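Below is one structure, written out as C-alpha cells, with a few remarks after it.
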Amino acid sequence: MSQVYNFSAGPAMLPIQVLRQMQDELLEYEDVKASIMEISHRSTDFIAMAQKSEQDLRDLMNIPNHYKVLFLQGGASAQFSMVPINLLHGKTKANYAYTGHWSKKAIVEGSRYCDVNICTNSSDNKYTDIDVFENWDIDPDGAYLHYTPNETIAGLEFDYVPEVDMPLVADMSSSILSREVDVSKYGVIYAGAQKNIGIAGLTVVIVREDLMGSVVANQPILFDYTIQAKNDSMYNTPSTYSWYVASRVFEWLKQQGGLSVIAKINQTKAKTLYDVIDGSNFYSNPVALKYRSWMNVPFLLADENLNGLFVEKAAINNLITLKGHRSVGGMRASIYNAMPQKGINELINFMKVFEKENS
C-alpha cells in the first residue's frame, strides 16, 4: 500500500509506528491472551497500562505533583460545561477570550452557568489576528480566564500565555503535546484526544488540586473533577481502547526525544509550508504572521473555482482531507505530530505542480 498523508483536522493522522503496534496487538494485548478492548478496566493489566500512560504524560509535560491527570469522556465539548461547574466556586462571572469557532462554543456553554465577560474578540478581523494582552478587558471578579491557544478552523494560534491573577483555563485540543508547556501557569488544561493524543473517545484533563472540591449544585456526578480523581477516572467504564491508543502515542513521543524535539520538528514543518504559500501569488494565508498556527495551516487559492479540482487531484496523489472548513473556504492542512516532514514535502511538490498547471 502506498503511503497516504492524511491532513484531517481531527480525527487525525496517527504515527505509522503506533498504527502498526495497534495492528499487532489488536487480537492479543501483551500476554493477556485477549484484546485490550475485551478486558476489564478493573483488571491488573488494564490498570497497569492506565498508570503507565499517566506517568508517561506527566514525564512528557513535566506535570507538577499537585495536579491531577484525568482520562475522561465527552470530548472538549463536555469540558465547556465541566469547567464552570468545577471552577466557579460560588462566583457568578468568568472571563473568556473569543478568538474563533471553538472558543465561541465554550462561551455559549459557559453562559449557561455564569455571566461571561468576553475580554477580547477576534471576530471583527475574521479570526485572523489576536489583540495584545494589554488591551484585554479582564473582569477581576471573574472566577477564571478561559482561552483556546490554537483555533483549529482559522489556523490562529497564540504566541503568548495570558498572565492573570485567577485560574487560567486552556482548551489545548489541537496544540497539546506539540511543544513544551509550563503547566504551572494553568489551573486547568484539557484536550480531546483525536488530534495529538490518539483517537476519539478520550479527553485528557489536567487540573490543579486546589481548584477541586466545590461544584455547582445539582449537576451530573460524572462532571465532578473530584469524583473522577478519587476514582482514577474510572467512576464509570472508561473508553478503554482510546486510553490504550493514547498510551502508545505517549510512548512514541518519548521515543522521538520528547516535546523539545517534537517542537523543533513541528516548527520546521509549518515554516516549510508557510514559506511556499507566502512565496506564491497563487496561494495565500490571511492570518497575522505572529499568530499563525503550527498545527493547522489554511490557505486559499487565487481562483476558488479550482478548489474542487485541487482536492480531487491531491487525493489521487495520496494527499487526503485537505478541503478547508466551510466558514473559511479554500484548503486546510492539519499537520499534527504524526505528520512527517516527508508528507509536507509531498504536499509542497503537489502544490507547485498544481500552480504551474492552473496559473
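The backbone N, Cα and C atoms fix where each Cβ goes, glycine too.
Keep in mind the model is a prediction, meaning the values are calculated, not measured.
Cross-referencing Thr120, Thr128, Thr152, Thr268 with the pyridoxal 5'-phosphate binding residues that Swiss-Prot gives (Ala76, Ser77, Trp102, Asp171, Gln194, Asn236, Thr237) picks out Thr152. Across the annotated binding residues for pyridoxal 5'-phosphate (Ala76, Ser77, Trp102, Thr152, Asp171, Gln194, Asn236, Thr237), the two most widely spaced Cα atoms sit 30 Å apart.
Taking every protein chain shown into account, Arg42, Lys195 are the recorded positions, and of these the Cβ with the most other Cβ atoms within 10 Å belongs to Lys195. Counting every protein chain shown, the number of other Cβ atoms lying within 10 Å of the Cβ of Trp102 (pyridoxal 5'-phosphate binding site) is 21. Annotation: Thr152 carries the greatest number of neighbouring Cβ atoms among the binding-site residues Ser77, Thr152, Thr237 [cut-off 10 Å, Cβ to Cβ]. In three-state terms derived from DSSP, Arg42 (L-glutamate binding site) belongs to neither a helical nor a strand segment and is classed as coil.
Note: Asn236 (pyridoxal 5'-phosphate binding site) has non-local neighbours Leu222, i.e. same-chain residues 6+ apart with C-beta under 8 A of its own C-beta.
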